[in-house]
Amino acid sequence: MFLFLLLLSASRSGEESPSGDAVPLATGGLNRKSFPEGFLFGTATSAYQVEGETHQDGRGPSIWDAFVKIPGKIANNATAEITVDQYHRYKEDVDLMQNLNIDAYRFSISWSRIFPEGSGKINSNGVAYYNRLIDYLIEKGITPYANLYHYDLPLALEQKYQGLLSKQGRFCGLRRVLFQTFGDRVKNWMTFNEPRVVAALGYDNGIFAPGRCSEAFGNCTDGNSATEPYIVAHHLILAHAAAVQRYRQNYQEKQKGRVGILLDFVWFEPLTSSQADNDAAQRARDFHVGWFIHPIVYGEYPNTLQNIVKERLPKFTEEEVKMVKGSIDFVGINQYTTYFMSDPKISTTPKDLGYQQDWNVTFNFAKNGTPIGPRAHSEWLYNVPWGMYKALMYIEERYGNPTMILSENGMDDPGNITLTQGLNDTTRVKYYRDYLVQLKKAVDDGANLTGYFAWSLLDNFEWLSGYTSRFGIVYVDYKDLKRYPKMSALWFKQLLKRDQK
């Protein structure tokens, strides 16, 4: 009720709600003119979460196709075989974005849809699909942002070479084909989405594919949490840097594009003003976003990791340092939430070593009994807008103010809400408005931000949560896959009107 009254107190936009009634879509004083000229607003998805058609048209299986078949791994044992079927409904989804005044669409390309075996023979049907998607985006005036990898390694590479644990160059074949085939139209490339999540959740606690970890940290049949996350992260950094190097050498001059990487960044705020809690928060930042952006900017891992992980942390050769350092044209920051961090005051060395264990911190979601912010449906996601400002200014100050996009931001509702409940998502409207106010503040204070992407365009398959979590600004009825723009979608439409003064 409070949110509804808050919206009512502001000026009405004249837009129609999904139910047909006039609703207030107050933007908090924000509009396109609030941001620098050329600033892009987009939405984002990933191939595995929205495409469906996992076993047809020549696509090979990914590690997630195998992982979802393990009973109990995914809520309600859901799969992504159909999900929201963007493979067949991409025109409908692009038309939706155009109607909502969206500038750009960030999507990922399924590696196993291009190379069913991870390398070797190319699947022409997969290439044709992405050609159709890219061409239709451009036809409708929407800029494509293509991500080369979003968690979905071809299963064949996992089975033959131990996947990302192997320092093998098969990613080279993928990015070569993608740059050659789509680079005449795609000018914004990302190599990896959230490589930290890939390494940590896939190899430290094993709750993501391929499900590897030490026995002490999860229910895994194989793995080593003390070493494997660091090996995988190292290989991802090298693969990223090699892709950027090759693009710059062979394609950038002609295609006039750019390449970046997408990093998740929870802001970690010290619980108290004590030095111990400040140190804990900084350790968390170093092990989180610093794990990747520090070597990419400075050519080495943060001192925190070097001092704590020691011989378990792989080393870059001199040639690799030259390749890795400076290997971004821009960086995407995925920012959703903020936590308080405190020092656990543990002086003894733990019996079992692992990536998360190495942080040596305590997570806190409240201070003096007061929650850090309202919680969304997901238990990890709290609405803390000021954390976005601090995260962006941290990158600006600590890493030389690189060109940035805010590549993911959003909140979820329960999967079982009704259509009526889902469409009137006033909490999401408030979330986006509050976070964009903080993003504008960061821009005004000097952060070199060039775009913002809402997660997500559509309700979709949400990894471990299956279909029990809805992040979309467009409601999807999973029975017939019909799309219904939510109030948050209409809010963006109002925000992004192009005739505003």
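Glycine is treated like the rest: Cβ placed from N, Cα and C.
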Selected from Cys172, Cys220: Swiss-Prot disulphide partner of Cys213: Cys220
Swiss-Prot annotation, beta-D-glucoside site containing Gln49, His150, Asn193, Glu194, Glu408, Trp455, Glu462, Trp463, Phe471 - matching residue among Tyr298, Tyr301, Tyr336: Tyr336
Residue carrying N-linked glycosylation site as stated in Swiss-Prot, selected out of Asn368, Asn416: Asn416
Asn219 (N-linked glycosylation site) to Glu408 (active site, nucleophile) - Cα separation in whole Å: 30
Rounded inter-Cα distance in Å - Asn448 (N-linked glycosylation site), Glu408 (active site, nucleophile): 16
Among Asn360, Asn416 [glycosylation sites], residue with fewest other Cβ within 10 Å: Asn416
Euclidean distance between Cα atoms of Glu408 (active site, nucleophile) and Cys213 (disulfide bond), Å: 27
Rounded Cα separation (Å) that holds between Glu194 (active site, proton donor) and Asn360 (N-linked glycosylation site): 22
